[in-house]
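The domain 'Histone deacetylase' annotation in TrEMBL covers 24-314. Taken from TrEMBL, the feature substrate binding site applies to Asp95, Gly145, Tyr299. Under the heading active site, proton acceptor, TrEMBL lists His137. Here TrEMBL flags Asp172, His174, Asp260 as divalent metal cation binding site. Marked as region 'Disordered' by TrEMBL: 370-451. According to TrEMBL, the feature compositional bias 'Acidic residues' maps to 386-398. According to TrEMBL, the feature compositional bias 'Basic and acidic residues' maps to 403-419.
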Amino acid sequence: MTLKKRITYYYDEEVGNYHYGYMHPMKPFRMRMAHSLVTAYGLDKQMSVIRPPRASALEMTRFHADDYVEFLSRVTPEMAEQDSEHASVYLSVEDCPPFDGVFEFCSISAGGSIAGAKRINHGDSDIVINWAGGLHHAKKGAASGFCYINDIVLAILELLRYHQRVMYLDIDVHHGDGVEEAFYTTDRVMSVSFHKFGDFFPGTGHVGDVGVAKGKGYAVNVPLRDGIDDESHKGIFQPVMRMIMERFRPGAIVMQCGTDSLSGDRIGCFNLSMKGHAACVEFMKSFNVPLFCLGGGGYTIRNVARTWAYETSVLLGQELDPVLPYNDYYDFYGPEFRLEVPASNMDNANTPEYLDKIFATVAEQLRSVPHAPSVQMQEVPRDWPDSDGEDDDQELDANPESKLSRRQRDARVVPHTELYDTDADDISPNAYNPYRHSGTSSRPARGGLSK
């Protein structure tokens, strides 16, 4: 009997309220569209859906500089305009405008990624989804490329508390520079990026950029040219990732699923179909390693929503009707109203010879990477505390008839028995998983004693 994977999906309905600006290509509204499709297909009934806690400024400073987070917490469009010289230290106003509610938007994105990493650490989920995350360009002390807080780095830092090795995989059309830079000197994180390279933002990600010091060999860059299609992408993606999984053997995978690598994206220049993009997700799922899927780029919003809804179904192992069900944003998908993003007839500049050369270079790099990086085992430190409960006490005092506070209701995980039309014996939340955290001498794993 094959056990269903325990999947957690983070979504906050307020994420779609934020707006970078009328002419700005980044539209947080796309997350609301994707969620509407997820619910219209009934996928939410097959996984635990949780509203993420908001990340605090203190949690953000686990990676980001204190002065930058403090600035971000108080910046407004008016303040940035009055003190443009100071604002320019932290923000590129054209790409990263100080829009209303920017800090709250970041707290939703980062909160879901930190919380998702904790669920993997505690063995509560096999797969976690946070389409509001994946903001891979943000730097330690400044915003970059539409990204303000690097939720990916924060999630990986949390995962490293329990896992010896974590792999970061990026299939956005842009190089995952912010994440690579954060872990460029360590052998505990292998960052892997398949991206457009050349005269293209951010201009990093050469195949020869492999890390430094202890991290030498642990940054893997696969630079691609315009127009790569499903067949060419699969031909290099699967062999590279199979080799990496065999040599690095991560305890968890964080995958940035930016959809600007799709055909027809407003900013991208690749030619992947929806199914070609999702094939990367399905391939990584097949390794049966805890998998955390995040959003990222994607600027043709109807195609972003289609693809993330479809990839949610891939992670759930569900087939979907190609004819879109009626949903809150049905008119956006006309005139075809179908769950598909086809490739176009654009030229593919990635010749077989070029791809073979890139693969040979990456393979040679990986041969120098030992199978098990040297990381000493140590006791897992205590988790960062959640809310101290003071707000909960105040709410319960005001509403004594309520059994749960708002925060407790938001964090409630729906039992699997309420989500599946099967016998309880078929789905065991505590079923053995060889990749689950097995606990330490002082901190037993959940659901039993450590081995």
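Any Cβ shown, glycine's included, is placed from N, Cα and C.
Between the CA atoms of Gly145 (substrate binding site) and the residue listed as 'active site, proton acceptor' there is a gap of 6 Å, rounded to the nearest whole number.
His137 (active site, proton acceptor) has His174 as its nearest neighbour among the binding-site residues Asp95, Asp172, His174, Tyr299, going by CA to CA distance. Here the binding-site residues are Asp95, Asp260, and the one with the most other Cβ atoms within 10 Å of its Cβ is Asp260. Asp260 (divalent metal cation binding site) sits 16 Å from Asp95 (substrate binding site), taking the CA atoms of both as reference points. Within 8 Å of the centroid of the Cβ atoms of Asp172, His174, Asp260, where the record puts divalent metal cation, the same chain has further Cβ atoms from Val173, His195, Lys196, Gly258, Ser261, Ile267, Gly268, Gly296, Gly297, Gly298. Tyr299 (substrate binding site) has a Cβ environment of 22 other Cβ atoms inside 10 Å. The Cβ centroid of Asp95, Gly145, Tyr299 marks the substrate site; residues of that chain outside this set whose Cβ lies within 8 Å of it are Pro25, Met26, His137, Phe146, Cys147, Phe201, Ile267, Gly297, given in sequence order.
Residues Asp95, Gly145, Tyr299, recorded as contacting substrate, have a largest CA-CA distance of 14 Å.
Neighbours of Gly145 (substrate binding site), defined as other CB atoms within 10 A of its CB across all chains, total 20.
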